[in-house]
């Protein structure tokens with residue numbers, strides 16, 4: 001007869017009280033998960049999170065209260081969870097899981113790792129650490145009404161990186177600076193602009209108003225050379241003559257007194273005068289853009305704004321707008337006033353911080369959000385776009401994905417259920433489970449799918465990970481290889497790279513100072529050419545990747561490299577004579593069957609193909625939802641998959657409308 005402790009078998013209950021688990025993330029899912037774990041009977045838990053509690057977290061991260069704002073999420077989550085079960089042993093780390101202190105040996109002391117993360121870099125890292133330590137990982141994510149849970153076990157299932165993930169959406173610099181065509185372009189520009197008044201200086205100089213300042217900088221935060229905001233004079237589409245343009249730009253420049261200083265420096269010298277800033281950004285720079293004739297042959301030309309003219313034409317009395325304040329769209333003069341007020345407020349904040357200080361943009365900081373809202377909307381008006389409410393701008397500027405407490409609660413519960421299967425020795429009964437907004441054809445919101453085996457082409461969990469990277473060896477620097485390719489694209493933390501040239505030439509060393517002299521040299525300077533092979537090792541992740549170099553001079557503009565050695569996006573081979581199966585009941589071993597049938601049911605592979613990468617990208621703030629829909633549709637058409645996938649697409653379209 002089976003002996004029970006509560007609702008669990010005695011053997012399982014005893015296992016829970018002795019096993020040690022790691023929870024990575026103490027946010028929306030993490031709070032629910034920590035509570036579930038202690039109430040289920042887990043006694044030894046370690047939780048890690050680098051973040052601190054913000055007011056915006058309080059509506060769904062219920063372990064936190066207003067008095068906790070500014071404190072460590074991990075520490076407060078521990079203290080709150082202990083109130084449910086004071087006998088639990090919980091260790092909290094206010095730190096990044098990517099810190100080298102949390103090495104493979106650290107991971108090996110756990111029986112189970114549970115991810116409750118919201119960014120891809122950390123997910124990739126934990127995935128590799130669990131593979132290296134051979135520890136089961138339960139991965140999860142939510143986005144609005146949608147959610148997913150899956151189990152990853154080395155050698156048995158796909159790892160997190162087996163399926164290609166869509167890359168983060170970026171915009172060419174010339175689009176942001178010269179030819180914005182969508183509101184998001186203007187919002188990105190405004191966020192770049194925020195960093196332009198970088199360092200406060202008590203030295204305020206008079207400046208001749210006719211001085212031109214074409215170089216960009218950032219206003220209130222840390223300066224970044226990649227975040228230019230002034231007109232891009234190197235835009236190849238413009239094909240203009242700078243000398244001719246400068247002569248025609250404005251009457252104030254006829255004397256040739258064109259002083260090229262950074263906007264940061266210029267703005268500081270004006271005392272952050274909001275009117276001068278306004279005319280520089282929304283009048284002078286726009287007039288300068290108009291001189292690039294070729295840009296406007298097939299586009300509607302922008303219309304400059306002049307503060308004095310707008311002030312003279314301002315309405316005497318503006319009727320109060322209806323609806324919530326954040327959801328109102330102001331008029332042009334309303335955004336002019338908001339711009340002026342926000343600049344003055346931010347200037348005072350900088351002055352209070354003192355010499356050498358800077359501000360960090362935060363979507364929850366009212367003056368910073370006012371500045372971006374005003375600047376973005378004025379630019380939208382100039383380029384003939386419909387202006388947006390503060391709520392809409394905040395959603396796009398902060399990459400906000402709707403977070404619903406109920407979704408987090410459901411997913412956290414599913415994580416624990418999958419964990420109980422693993423600790424019961426029933427790994428084969430674990431499933432990838434998708435939470436949908438609407439019931440599927442079988443009237444189920446939860447759709448479990450059998451776990452897929454590892455991909456033979458995965459560049460992480462394959463027996464010998466290998467990729468081919470297409471790049472220009474005469475233009476790609478060693479630093480770009482390290483930061484853009486190895487760290488950003490392939491998720492390494494501290495890579496060491498040697499050239500397979502028979503000499504074992506060290507190109508990159510993770511030891512500080514050893515190879516810094518190589519950073520600005522091109523790969524071709526080291527004899528790397530078409531067909532060369534590089535071996536990249538990350539000893540923290542216990543991970544080795546072989547890179548085949550494919551030299552090319554035909555990459556598209558603004559593309560530094562292409563990865564051509566990934567697993568192809570192909571549908572699984574047809575399975576003949578497959579018996580129709582019953583629906584899966586989550587957690588019921590007897591009824592657990594593959595979710596693929598001869599009558600067009602969705603396979604786990606198709607769910608991974610169409611939803612898991614999409615949901616992950618949306619949940620980690622990397623990809624607009626409408627692009628997720630477009631990609632899924634394209635894959636359906638390309639692969640000619642089962643008709644029921646079109647029902648799946650209809651669901652995505654409904655979600656898109658609801659979320660947006």
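Note: Cβ is positioned from N, Cα and C throughout, glycine not excepted.
All TrEMBL annotations are machine predictions without curation.
Feature region 'Disordered', per TrEMBL, maps to range 566-600 of the set 531-565, 566-600. Between the stretches 187-221, 222-256, 257-291, 292-326, TrEMBL puts its region 'Disordered' entry on 222-256.
The binding-site residues recorded for this entry are 159, 162, 461, and the Cα of 159 lies nearest to that of residue 49 (ATP binding site). Separating the Cα atoms of residue 461 (Zn(2+) binding site) and residue 119 (ATP binding site) is a whole-number distance of 20 Å. Spacing of residue 122 (ATP binding site) relative to residue 159 (Zn(2+) binding site) is 14 Å (Cα to Cα, whole number). For residue 49 (ATP binding site), the count of additional Cβ atoms within 10 Å of its Cβ stands at 25 [all protein chains shown]. Per-class residue totals from DSSP over the domain 'Ubiquitin/SUMO-activating enzyme ubiquitin-like' (469-556), listed helix then strand then coil: 19 helix, 28 strand, 41 coil.
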